[in-house]
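For 6-27, 34-54, 83-103, 135-154, 161-179, 220-244, the entry in TrEMBL reads transmembrane segment.
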Amino acid sequence: MMNGAPTYLFLKLNIWLCMTAVIMVVASAMALSIPLHAVGGGLLLAPLLFYVIYVEDRRTVSDEDQINNPHRTRLVQRYRTELLATEIFALICYELLLVWLVAVTPGRGVGFLLLGQLPFGVLLLYGSLKQYPTFDSLAVGGTWAFMIVFSVVVSTTHEVTMDLFAVFGAWFLIVFAGVESRNLQDLDGDTATDKTTLAGHLGRPATTIMVRTLKSTGVIIFWYIAGIWVAGIVIGYLLLLTLFRRITQNQDERIEIRTDQTNAEQL
């Protein structure tokens with residue numbers, strides 16, 4: 001891959017979002033008073049799965065993708081084989097790590113291996129779910145929140161508690177808000193292809209308020225169950241996501257300028 005394609009794909013395929021999921025697992029473990037060394041390989045479980053899901057979703061180019069992200073679509077189509085290879089590698093690593101965690105963690109049996117496959121069921125249905133308002137946000141929010149707490153539980157002897165449900169709920173609210181924030185940016189393409197989202201129904205002002213409220217509620221939940229330090233980690237995580245999004249937007253603007261210049265030269 002040449003001419004800045006790796007960097008752009010890293011940004012536009014949200015690979016950074018997959019990698020920063022490690023911070024989500026760290027914050028969750030701390031909120032549940034679980035030492036990080038006890039989680040061990042569980043720190044990598046969610047990032048590997050999210051990589052598989054995101055690359056597969058991006059490789060399946062939709063009509064709105066060609067409107068909202070034309071340059072990304074061209075790069076994805078050009079490097080489909082390379083992306084598939086990395087996706088398969090990440091999938092193999094995920095499954096091997098899951099089997100190893102189940103094998104070495106007391107009280108974790110075959111049932112946990114099956115639970116670890118649930119997100120792939122959501123992935124299979126995601127194309128259909130995106131056709132209905134809020135379903136895509138619910139699916140992504142539920143899957144991410146599940147994988148974060150699952151990563152902690154499958155790699156430790158921690159049992160199901162109310163705090164575990166609270167952590168799940170907090171991440172669900174934060175991720176749900178994040179999906180609707182993305183839908184807000186994709187309104188033009190979604191409208192052109194008759195795709196209806198909650199953001200499209202509510203409009204920009206109401207969606208912005210909802211996103212801020214849900215994320216703030218998630219942070220407050222962490223503050224309530226674990227204190228200010230864990231809440232601070234979650235806030236830092238959200239600020240890091242904002243930074244990456246701004247970098248991605250700046251990259252998009254530079255590409256648009258170069259595209260306009262190229263088109264002008266051809267006229």
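Just so it is clear, glycine is given a Cβ too, placed from its N, Cα and C backbone atoms.
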Other parts of the chain folded back onto the transmembrane segment (83-103), taken as Cβ under 8 Å at six or more residues beyond its ends: 9, 13, 41-42, 44-45, 48-49, 51-52, 55-56, 58-59, 76, 109-110, 112-113, 116, 154-155
Cβ-Cβ under 8 Å with the transmembrane segment (34-54): same-chain residues at least 6 beyond its ends: 13-15, 17-19, 21-22, 24-26, 86-87, 90-91, 93-94, 97-98, 100-101, 116, 119, 123, 143-144, 147-148, 150-152, 154-156, 158
